[in-house]
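Peer 1: The structure is given below, and queries will be raised subsequently.
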Amino acid sequence: MASPCLIAFLVFLCAIVSCCSDNPIDSCWRGDSNWGQNRMKLADCAVGFGSSTMGGKGGDFYTVTSADDNPVNPTPGTLRYGATREKTLWIIFSQNMNIKLKMPLYVAGHKTIDGRGADVHLGNGGPCLFMRKVSHVILHGLHIHGCNTSVLGDVLVSESIGVVPVHAQDGDAITMRNVTNAWIDHNSLSDCSDGLIDVTLGSTGITISNNHFFNHHKVMLLGHDDTYDDDKSMKVTVAFNQFGPNAGQRMPRARYGLVHVANNNYDPWNIYAIGGSSNPTILSEGNSFTAPNENYKKEVTKRIGCESTSACANWVWRSTRDAFSNGAYFVSSGKIEETNIYNSNEAFKVENGNAAPQLTKNAGVVA
């Protein structure tokens, strides 16, 4: 007969495995084998600053049946047609698709683009996704890769705005400008001309979770530039993501604002993992950092635009319950005034950093 101590240990071990096997977002919907019959439940599962994002919940379903693209006059059944409608829509796909957009795809507010149940690829050498002055957008279950620059040209922005000339774009996978309430979850992003995700120009209420970022140098930019004060109100949650392999820097790189980086798993980076300028507040909690082998790359953090260490001494960059391997280390600074950054609807449980590899094991598109 097993000893009471052994039994107690096994019960304790099972409790640890059970609590850490799935993160709270995945536990909310993936445990239901019939999730396809209740797709909109996903909108109840976000955590962090983007937890109020409803996307297309409560609207009609719109099914993408064609990979064709007409930037000015999209036809029904195409992704651009659904994404530019004024009405609330939950967009799904009838089959596996490889979509090469001819111009950036402007996503109107109150939309969910839900790739679950199909193998959906965007980019493929064309421009990708763009959001401006919209709210309540969910992007889930998409492979976004090979996004390229675009030229000046006419694009249908939305039904109400109509067709307008759009400046050339840099080749980001996902661009958000002055966006509120957006949730980017369970996507696989790689190999684009510029960044994978840009959150700028007063965007706030954003959660970026369960994504896989790989084979890309400049991953995630939060904040427009060092002179854009409106980004001081920016609040972004970066949680349960897998960074790497072959992710170079900006995971994320923040200007101004408040960024909570929680339970992410970091493979060795090329330049740095987390960076910033213009006094952002960066709270790193329960992440797992594995440093590169080169001794001069061991530091997780990079403060940009500081003439000296003392110039950044008051920036609030804190590491709590992070796990470090292969010599990785986080340089903390500043004093945080308030530890309760979330309201009751936004808050979620953050595990210790040693659990991050398990919590991110399903990051990216889920089959």
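Yeah, the Cβs are placed from backbone N, Cα and C, and that goes for glycine too.
Dumping what Swiss-Prot says about this protein:
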SIGNAL    1-21  signal peptide
DISULFID  CYS28-CYS45  disulfide bond
DISULFID  CYS128-CYS147  disulfide bond
CARBOHYD  ASN148  N-linked glycosylation site
BINDING   ASP170, ASP194, ASP198  Ca(2+) binding site
CARBOHYD  ASN178  N-linked glycosylation site
ACT_SITE  ARG250  active site
DISULFID  CYS306-CYS312  disulfide bond
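Provide an account of the burial state, proximal residues and distances for the features listed.
Peer 2: Neighbour density for CYS45 (disulfide bond): within 10 A of its CB lie 19 other CB atoms from the protein chains shown.
There are 28 other Cβ atoms within 10 Å of the Cβ belonging to CYS128 (disulfide bond).
Residue environment of ASN148 (N-linked glycosylation site) contains 18 other Cβ atoms, counted within 10 Å of its Cβ in all protein chains.
Counted within 10 Å of its Cβ, the other Cβ atoms near ASP194 (Ca(2+) binding site) come to 18, all protein chains included. In the three-state DSSP scheme, ASP194 (Ca(2+) binding site) falls into the coil class.
In sequence order, ARG132, LYS133, LEU201, GLY202, SER203 are the residues near ASN178 (N-linked glycosylation site), counting only same-chain partners six or more apart with C-beta under 8 A. Secondary structure from DSSP puts ASN178 (N-linked glycosylation site) in coil.
For ARG250 (active site), the number of other Cβ atoms no farther than 10 Å from its own Cβ, over all displayed protein chains, is 28.
Cβ neighbours within 10 Å of CYS306 (disulfide bond), excluding its own Cβ and spanning all shown chains: 13.
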Peer 1: Going by a 10 angstroms cut-off between Cβ atoms, which of the disulfide-bonded residues CYS28, CYS147, CYS312 has the sparsest surroundings?
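Peer 2: It is CYS28 that, of the disulfide-bonded residues CYS28, CYS147, CYS312, has the fewest other Cβ atoms within 10 Å.
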Peer 1: Which whole-number value in Å describes the distance between the Cα atoms of CYS128 (disulfide bond) and CYS306 (disulfide bond)?
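Peer 2: Cα of CYS128 (disulfide bond) to Cα of CYS306 (disulfide bond) measures 34 Å after rounding.
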Peer 1: Let me know the most crowded of the binding-site residues, choosing from ASP170, ASP198 and counting other Cβ atoms within 10 Å.
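Peer 2: Max Cβ neighbours within 10 Å, all protein chains included: ASP198.
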Peer 1: Sort the recorded positions CYS45, ASP170, CYS312 by C-alpha distance from CYS147 (disulfide bond) and give me just the closest.
Peer 2: ASP170
Peer 1: Which recorded positions are spatial neighbours of ASP194 (Ca(2+) binding site) here, meaning Cα within 10 Å, out of CYS28, CYS45, ARG250, CYS306, CYS312?
Peer 2: none
Peer 1: Measure from the Cα of CYS45 (disulfide bond) to the Cα of every one of the recorded positions ASP170, ASP198, ARG250, then give the nearest.
Peer 2: ASP198
Peer 1: Distance between ASP170 (Ca(2+) binding site) and ASN148 (N-linked glycosylation site) at the Cα atoms, whole Å?
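Peer 2: Rounded to a whole number, the Cα-Cα distance is 7 Å.
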